[in-house]
Amino acid sequence: MGVLNIVDQPPLVQAIFSRNTEEIQLLLHKKEDVDALDHERRTPLHAAACVGDVHIMDLLIESGASVNAKDHIWLTPLHRAAASRNERAVGLLLRRGAEANARDKFWQTPLHVAAANRATRCAEALLTQLSNLNMADRTGRTALHHAAQSGFQEMVKLLLNKGANLSAIDKKERQPIHCAAYLGHLEVVKMLVSRGADKSCKDKLGYTPLHSASASGHLEIVKY
């Protein structure tokens, strides 16, 4: 939800982006549709989760907003909160019954989104509700693949400490270490190796992480 298209949004969504609590309460009192959809099937709660205002989110949920509503690519408010790196919003949604394992059209869960967006505190909250942190998205990638690709050591460490499979393979048979090596994330590569990742593992084409690093010009990883 970008700033440029706010004027095209329903009045309730405009008030949310303006953080106008008084106007929101007035609209809800007038029975404004709390689950009104915009052109991408996003609800006001999607907007509030994106903004990260837990007071506004509470108002909407108390008025009957669906915490598991899905937009046109099946993103829920919980996905939006994780993408915005707002752990308070994530925590509120989980307490209010949001589905922690909800998948979007690409089979990504809120944990995948948090991992890709360096949202460590959000991931910590989500992990308390998950039975399997190795769920794969449509490409076969786990949250650890996304964390390794982002290069964020704190997220990688969190997932490893919680039991993430560092040898998980995606549909191209690439492990998280391939992702980190290709993008030049040396410290993440070092961390994965220190935890037991195999530097000589091969993907479907026979490429090792060192091949990946070399192909993308990251000689510091090749030397390592």
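The backbone N, Cα and C atoms fix where each Cβ goes, and this holds for glycine too.
A TrEMBL annotation is a machine prediction, not a hand-curated record.
The feature repeat 'ANK' is assigned by TrEMBL to 40-72, 76-105, 106-138, 139-171, 172-204, 205-224.
Helix, strand and coil counts under DSSP for the repeat 'ANK' (76-105) come to 16 helix, 0 strand, 14 coil.
Sequence-remote contacts of a segment are chain residues at least 6 beyond its ends whose Cβ falls under 8 Å from one of its Cβ atoms, and for the repeat 'ANK' (76-105) they are 43, 45-46, 48-54, 57-58, 61, 67-70, 111, 113-114, 117-119, 121-126, 128-130, 135, 137.
With a cut-off of 8 Å between Cβ atoms, the residues of this chain six or more beyond the repeat 'ANK' (139-171) that come close are 106, 109, 111-112, 114-120, 123-124, 127, 133, 177, 179-180, 183-185, 187-188, 191-192, 195-198, 201, 203.
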